[in-house]
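Some notes on the structure that comes next.
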Amino acid sequence: MCGIVGIVANSHVNQEIFDALTVLQHRGQDAAGMVTSQNGRFFLRKDNGQVRDVFRTRHMKQLVGNIGIGHVRYPTAGSSSSAEAQPFYVNSPYGIALAHNGNLTNTEELAADLFREDLRHLNTSSDSEVLLNILAHELQILHKLKLTPEDLFSAMGQVYKRVRGAYAVVAMITGYGILAFRDPFGIRPLCIGVRETAGKPEYMVASESCALIGGGYKLLRDVKPGEAIFLSEDAQLFSQVCAEHTEYRPCIFEHVYLARPDSIIDGISVYKARLRMGEFLADKVLRERPEHDIDVVIPIPDTSRTAAMQMALKLGVKMREGFVKNRYIGRTFIMPGQKIREKSVRQKLSPIELEFRDRVVMLVDDSIVRGTTSRQIIEMARECGAKKVYIASAAPAIRYPNVYGIDMPAVKELVGHGRTDEEVAEYIGADWLVYQDLGDLIESTAGADTPAIQFDCSVFDGDYVTGDVDEQYFAKLEAARNDGAKFDEELGDNETADMLKRLS
Ligand SMILES: O=P(O)(O)OC[C@H]1O[C@H](OP(=O)(O)OP(=O)(O)O)[C@H](O)[C@@H]1O
Ligand SMILES: NC(=O)CC[C@H](N)C(=O)O
Ligand SMILES: [Mg+2]
């Protein structure tokens, strides 16, 4: 779950891309990058760090042009070295830069084909670099000096045949425009917005609508599963569904945790979905313990606040702010290692003791993944003198790895894997644990207006919509990306990154 953005405008886009990436920062904190284009040349800046650290005034001055793309990264493949920050670039054909949100499930096979059949070189272990080279190859073999939208869509038809997994993408082609596309299941989000200046349209494509609204664009629509959108440099919009088989199966975890509440994804308000999650949770509490003794509902900031608010209302129990969030510390779950995640919880959340003392508290979180947050928070609640500590999760137990762009690669790192609900409660130290039922989560999220959508719920039910992940895939993923392995790889890859930096 990275954040991506692309803009075609009537004036320089660097500041707008910077602003949009800042709005999308919650989707990736490890690296950021931007490419703009002017007079047939690309201008690139990318590095590890958050948006405000990566783009200084000296970089912004060089990022000229009325068209550009940007990325904030949360790695799910390869390493977190700066050499794998995005956008990626290839000079042939035309010059293409690409930014990707998601995770491919046939990266290895594609990388081997690129090397053996397409004679293309990959310089990193990133799946996004593979995707860029597949797109480049399919455009190259058309052998067209002048590209038309039809050529682009025909190349995209081939890309959809070869690439599997989750991918929401923005790609910029020198001298032509921006090509944006979403995988055939629409797993990761992507939407288009429009605005007019001086009677001429300007377009933005972005992972979430909050980025459009922040930039003064009006949400036009979501990109459909398997659809490619082409925005030409002179701001004409072309679109076509290019994948042969498509299904609407967006990731439900966007609504649970990943997305911002002010976004509307696939016609669904993330905020409203979270309110409904809170109501269903309250119903479950009342079903399980009609005579409950909860004195106060306390959210674990930030994401759970919306659900907690509605849950408290429905229970008829007061909601209180029991934790103050340090606004200078980012999201813990998307931090790169377990040590830093553990350390960050206490740095990020500090308790207001009087809300806990001698009370039976119901803590609410949006999800419990590794249990890093809940375990420490429950300990803090007890240190503050809570009589009993209950916890409710707006999502069901997470028992399966994610292979579509969320870094949950190793089942043994998931607190819900191989444990009953009671065992999870014991592990995190709760007196009572209430998980949302999957049916209720789906009902909370699927609005009445979106009957065609079924969600990817793989982390809860182990059903992977692309149908191509098996035990062997999981074994490889876990070996490559468990916390220990990531640490080893980073050491090696940093050397490569440093070397590349010296060369550039
Ligand atoms: O069980 P865990 O492995 O700890 O993961 C789950 C927690 O991580 C996330 O919070 P995060 O701090 O990332 O972001 P937030 O401030 O948006 O809630 C999520 O909201 C849960 O609180
Ligand atoms: N979270 C994501 O969307 C990651 C994109 C890509 N797989 C990477 O690791 O850079
Ligand atoms: Mg949280």
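Even glycines carry a Cβ here, placed using N, Cα and C.
Please treat TrEMBL annotations as automatic predictions, because they have not gone through curation.
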Self-check item: Same-site residue for Mg(2+) (record: TrEMBL; known: ASP365, ASP366; options: THR303, THR306, THR420, THR445)
Solution: THR303
Exercise. Looking only at the domain 'Glutamine amidotransferase type-2' (2-234), report the model's average pLDDT.
Key: 97
Quiz item: In sequence order, which same-chain residues at least six apart have a C-beta under 8 angstroms from ASP366 (Mg(2+) binding site)?
Solution: VAL256, TYR257, ARG274, MET277, THR303, SER304, ALA307, SER393, ALA394, ALA395
Practice problem: Measuring Cα to Cα, tell me the gap between ASP365 (Mg(2+) binding site) and CYS2 (active site, nucleophile) in whole angstrom. | Solution: 22
Quiz prompt | Surrounding CB atoms that lie within 10 Å of the CB of THR303 (Mg(2+) binding site), all protein chains | solution = 23
Quiz prompt | Local Cβ density at CYS2 (active site, nucleophile) - other Cβ atoms counted within 10 Å | solution = 27
Quiz prompt | Other same-chain residues whose Cβ falls within 8 Å of the Cβ centroid of THR303, ASP365, ASP366, the recorded Mg(2+) site, in sequence order | solution = VAL256, TYR257, PRO299, ILE300, ASP302, SER304, ALA307, VAL364, SER367, SER393, ALA394, ALA395
Quiz item: Checking the recorded positions CYS2, THR303, ASP365, ASP366: which ones have Cβ within under 6 Å of ligand 2?
Solution: CYS2
Practice problem: For ASP365 (Mg(2+) binding site), list the number of other Cβ atoms lying within 10 Å of its Cβ atom. | Solution: 22
